[in-house]
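**Student:** Taken from TrEMBL, the feature active site, proton acceptor applies to D:ASP128. Sequence annotations record features per position, and here TrEMBL assigns ATP binding site to D:GLY11, D:ARG72, D:SER73, D:GLY102, D:ASP103, D:GLY104, D:SER105. Per TrEMBL, ADP binding site is recorded for D:ARG21, D:ALA22, D:VAL23, D:THR24, D:ARG25, D:ARG155, D:GLY186, D:ALA187, D:GLU188, D:ARG212, D:LYS214, D:LEU215, D:HIS216. Feature annotation from TrEMBL assigns Mg(2+) binding site to D:ASP103. According to TrEMBL, the feature domain 'Phosphofructokinase' maps to D:3-276.
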Protein chains: 4
Amino acid sequence: MQRIAVLTSGGDSSGMNPAIRAVTRKAIYHGIEVIGIKRGYTGFIEGEMSLLNLGSVADIIQRGGTMLFSARSEEFRTPEGRKKAFENVERFGIQGLIVIGGDGSFRGARQFHKEFGLPIIGVPGTIDNDIVGTDYSIGFDTAINTVVDAINKIRDTATSHERTFIVEVMGRDTGFIALTAGLAAGAESILIPEKPFSINDICHKLMQGHKRGKLHSIILVAEGASDSFDVASQIKEKTGFDTKVIILGHLQRGGAPTAYERVIGSCMGAKAVELLRNGEVLKMVGMQAGKIVALDIEDSALKKKPIDMDMYDLANILSI
Amino acid sequence: MQRIAVLTSGGDSSGMNPAIRAVTRKAIYHGIEVIGIKRGYTGFIEGEMSLLNLGSVADIIQRGGTMLFSARSEEFRTPEGRKKAFENVERFGIQGLIVIGGDGSFRGARQFHKEFGLPIIGVPGTIDNDIVGTDYSIGFDTAINTVVDAINKIRDTATSHERTFIVEVMGRDTGFIALTAGLAAGAESILIPEKPFSINDICHKLMQGHKRGKLHSIILVAEGASDSFDVASQIKEKTGFDTKVIILGHLQRGGAPTAYERVIGSCMGAKAVELLRNGEVLKMVGMQAGKIVALDIEDSALKKKPIDMDMYDLANILSI
Amino acid sequence: MQRIAVLTSGGDSSGMNPAIRAVTRKAIYHGIEVIGIKRGYTGFIEGEMSLLNLGSVADIIQRGGTMLFSARSEEFRTPEGRKKAFENVERFGIQGLIVIGGDGSFRGARQFHKEFGLPIIGVPGTIDNDIVGTDYSIGFDTAINTVVDAINKIRDTATSHERTFIVEVMGRDTGFIALTAGLAAGAESILIPEKPFSINDICHKLMQGHKRGKLHSIILVAEGASDSFDVASQIKEKTGFDTKVIILGHLQRGGAPTAYERVIGSCMGAKAVELLRNGEVLKMVGMQAGKIVALDIEDSALKKKPIDMDMYDLANILSI
Amino acid sequence: MQRIAVLTSGGDSSGMNPAIRAVTRKAIYHGIEVIGIKRGYTGFIEGEMSLLNLGSVADIIQRGGTMLFSARSEEFRTPEGRKKAFENVERFGIQGLIVIGGDGSFRGARQFHKEFGLPIIGVPGTIDNDIVGTDYSIGFDTAINTVVDAINKIRDTATSHERTFIVEVMGRDTGFIALTAGLAAGAESILIPEKPFSINDICHKLMQGHKRGKLHSIILVAEGASDSFDVASQIKEKTGFDTKVIILGHLQRGGAPTAYERVIGSCMGAKAVELLRNGEVLKMVGMQAGKIVALDIEDSALKKKPIDMDMYDLANILSI
């Protein structure tokens, strides 16, 4: 193996840069050249790529986002688009590809491998942490800390004014961010798509807390669980409490990667290079049982990653 | 002077706690007792107040919000409400009052002083920094840093995806937060209520930047300057750029006070006690020409604080 | 089980408060009363303890240190000291004890259980992460992030002045902090007690980096690996590079717990209560294979926790 | 004026990058070319300089340190060194120079101007904030916040273990950092070179605080005020309190500039360009009475900047 390529695809997440750095330096260490492809599959199709050297990835480990840029490519979903990309594979002499992204990006990778046989290794990168098979996806720890910091600030105002705040976080189909950040921040209620909820129960808990002297409440809502403004107006109506909504939105993606993010991003990037060197042709790097391992990339498409309901119950018990 | 009282009123702002601490400890140092009134004028009316000692204000200098809580009181706008409050003044033997809040709170203070003669000193506390007469209001520096931190995170995503982001900040009538944070964050355009703007000019600047290789743009919008979603859709239409909106909202109030906030909060709180001790009966503490001074509290009501248009021009030049 | 007690012992670590909160609320949820013992075994001996309720642990999840205070007790090493402590067990009707601390604290716990039969569960809390058997100890993630933040700041100066900085971190016998933070921060060299090093090799790497255009270098030294000032003077002598030393020291213990810290602290605290409820009499909570589990507390005393040499090699490869 | 140059000299400080950015973009806006000189006077002598364009200073406003690097140059103190530098002035067609640095750097600037007549404007950049004439020097606000953050962390441990901590900060001849950070952090005692202190008084205050229930104390020491380890051992001896020392050292220079730093750095950099355009030949930009103004650069050499003793007294009163 003499030359591989790396790209980031889908929504950016903090920690992608440490992973790109690890891919690049680990490969160069083993005498393999690394091509950086820009703008995900878009740059793959359009041949926007260039050689990375040791210095190309200097001073990026502490930066959010992705130095290779990212994009969602419609064209890569077409056979013509993928054919153009393969022409670049031949033109640039690429013998293996590392795709850092989410399950949408991995679908494209599987299809491309099936059609053209190029060895491809996926590295899970999405703040949602919802990729099946791996316990961790790059960007999650940083996102959680950003949400917790935001809630800390909001709590100051919530306490000073004895208010209820609805904080909406990312998670269209899954509640990983809401649940983990909610447990960490001591949110009074957590609404996730995986678990039906009753406004009456929430209001009951709010009012009981109020009776015990609680001066404020934070309700964390995954965007896919409910409409936050609707939840707010129902609470206001049923309890009379002053209730405000704040939507964290794109604030959750960026920011300097946490130490954990940098460690895992580095380990996953290096593992991807190792897998290519070992002759693997279609795998996903992942975390299982606390270790960085190789997983079947097909797995990530088949089912939905289950959320830890014990953690959900614990969050409820502790935020009484 | 043997006993004074202190309250926080209106929207909470970070730095109110250092000011409360300074009022309390400075007064006690001079042998004056301090009553802490809870929930602003609401607690003043309802007699929700108790003696503060040295330890009551320990370990609060680093906390956002206000340990005395805050509220907006409709009742204090009525003669009956103010009369009830004055009964508490007599009951608790309060000889002077320090009101930490914005110009709405100062209006009430002036009225109360006129009716009952109680010496009152205002301390400017509002993240908007729009109180006339004083160059600085408690909470502004912390809010600016929060906005700049948020833009740092957003910029990571904006760059990775080559997007334009509209970031809406507080400021219904004034653009102090938008302008100062925009200059500090290098925002490409800043929309403030004080200055008419043209969407065409903004789009022109965006497209020129794009031609020169700029990968993203941040447009900072004071909430009173325009509707952010409307700005976004116009930009999208005219330039074709992917444009997202994020509203920082209540995120801007709380958070641990910055070092500057703690210093100014401490100095202003101490100055308020000094003014009462010197026999002043109706003043506002403020910052002028870099010094903490006594100002005529009437001034804060009469006119609108002008924004620094040189700073606005500089922000435009530097973010080219 | 009607009444249990909890204490923190040894060096404080961030995340102890979330653990105390979880112990308290989880126990109360199950109808068990919780006694908070102050100052570790010192308070245990002296009977400094009082009932905790739901509100006692409100608003502590985001605070560093330990609300129960900590201390090292010589007296608890004596039979007399432990006998006094047991009198308090009887006086206060304590049926189980949760000890949050390091292996020194667990030694005392084992001895006390052996002598008096009181069920005791240990929760690993030490920033050094060196407790045998568990992959994680409370305080480690926060400490790592503090070290990485410090290195970020130091790197600005190192780059501006093209200097080499020796950064000394905690770790008398183990290099967990140095290795993990070093990988996360991209430190050019990492010196740990577990691995002999050669000053000549370090200087060689420094000079090669310098030739390739590296403007600065960070060398991370675990306090037990070498004398930092000695390392600095040897490097200065052999390379001629301007080399400074900074010792992070007690800066590494405190600070608001990270999101991860709060989650793990909460889960471990809750697990300890569960183990007592299940009739366990001498266990340690720990993390293994990514799960919170019950471990044999004896294990923590017998051997030394091995460091991950693959991670060490990776850090070397990536920081070339 | 067609071409000017800019350099940073002496110890780096956070905020130098916003100043460089402002110099560059403001000059280009007025049609003036900007040469960036590397490594301060060293690069000036050696001709290490190149043209900066709009993009050269993109994405630096949020970075600590200085993108132009800094150094202390012995050679520039010699007539030969300065003559070489002037040859570069002629070779590169430099018509004005902006020097961002401290008073040592300004001394060289005055000498050079006297000998060769080149218009030079100084911009005060030093975390010590001790340059005479200006109320503010770039880097101070960021340094203060770094110190306050560090004390926050240390206080967690100090409280948990009921310890006294001596925190040593920069300031060989002046106590600006110690005093301002000490007031902001609520340090129990502040030792500065400008004010003699008595160990007995400090111990007396410590013991009185202890009697009132204070669980810990932070003593902030400017490096020029005393030997921290000596202070610690005297306190330990006289009070018996467990007393630790932590030296923040180079941690204080770097780090992302605060919002205030970026605003002031930007305004000062732009002002320097304005002064050159207005035909000034030897001035220092400074802050006086809350405004950015032109000052006589000679002033900075003549006397010592006095510290605000009212602030010192206030810090003592508030930290009782």
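Note that Cβ sites are derived from N, Cα and C of the backbone, with glycine treated the same way.
Automatic, uncurated: that is what TrEMBL annotation is.
Neighbours and distances for these, please.
**Tutor:** Secondary structure at D:ASP128 (active site, proton acceptor), as computed by DSSP, is coil. Counting every protein chain shown, the number of other Cβ atoms lying within 10 Å of the Cβ of D:ASP128 (active site, proton acceptor) is 25.
Within 10 Å of the C-beta atom of D:GLY104 (ATP binding site) sit 15 other C-beta atoms, taking all shown protein chains into account.
A sphere of 10 angstroms centred on the C-beta of D:ARG25 (ADP binding site) encloses 27 other C-beta atoms. In this structure, D:ARG25 (ADP binding site) is part of a helix by DSSP.
In three-state terms derived from DSSP, D:ASP103 (ATP binding site) belongs to a helical segment.
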**Student:** What same-chain residues, at least 6 away in sequence, bring their CB to under 8 Å of the CB of D:SER73 (ATP binding site)?
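**Tutor:** In sequence order, the residues whose Cβ lies under 8 Å from that of D:SER73 (ATP binding site) (at least 6 apart) are D:SER9, D:GLY40, D:TYR41, D:THR42, D:PHE44, D:ILE45, D:GLY81, D:GLY108.
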**Student:** What does the structure give for the C-alpha distance between D:GLY186 (ADP binding site) and D:ARG72 (ATP binding site)? Integer Å is fine.
**Tutor:** 35
**Student:** Between D:LYS214 (ADP binding site) and D:ASP103 (ATP binding site), how far is it from one CA atom to the other, in Å?
**Tutor:** 42
**Student:** Can you name every residue in this chain, apart from D:GLY11, D:ARG72, D:SER73, D:GLY102, D:ASP103, D:GLY104, D:SER105, with its Cβ inside 8 Å of the center of the Cβ atoms of the recorded ATP site?
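**Tutor:** Output for this site, in sequence order: D:SER9, D:GLY10, D:GLY40, D:GLY101, D:GLY108.
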**Student:** Check the Cα-Cα distances from D:HIS216 (ADP binding site) to the recorded positions D:GLY11, D:GLY102, D:GLY104, D:ASP128 and tell me which is shortest.
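**Tutor:** It is D:ASP128, whose Cα lies nearest.
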**Student:** What subset of the recorded positions D:ARG21, D:ARG25, D:GLY102, D:ASP103, D:ASP128, D:GLY186 has a Cβ sitting under 8 Å from a Cβ of chain B?
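**Tutor:** Near chain B, the qualifying recorded positions are D:ARG21, D:ARG25, D:GLY186.
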**Student:** Got a sec? Which of these binding-site residues, D:ARG21, D:LYS214, D:HIS216, has the most Cβ atoms within 10 Å?
**Tutor:** D:ARG21
**Student:** Near D:GLY11 (ATP binding site), how many other Cβ atoms are within 10 Å of its Cβ?
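**Tutor:** If we count other Cβ atoms within 10 Å of D:GLY11 (ATP binding site), we arrive at 22.
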**Student:** Specify the nearest of the recorded positions D:VAL23, D:ARG25, D:ASP128, D:GLU188 to D:GLY11 (ATP binding site), where nearness means the distance between Cα atoms.
**Tutor:** D:ASP128
**Student:** Would you mind pulling the longest C-alpha to C-alpha span across D:GLY11, D:ARG72, D:SER73, D:GLY102, D:ASP103, D:GLY104, D:SER105, which the record has binding ATP, in angstrom?
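**Tutor:** If we measure all Cα pairs in D:GLY11, D:ARG72, D:SER73, D:GLY102, D:ASP103, D:GLY104, D:SER105, the largest is 14 Å.
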**Student:** Suppose you look only at the domain 'Phosphofructokinase' (D:3-276); what would the mean pLDDT be?
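**Tutor:** The predicted confidence over the domain 'Phosphofructokinase' (D:3-276), as a mean pLDDT, is 96.
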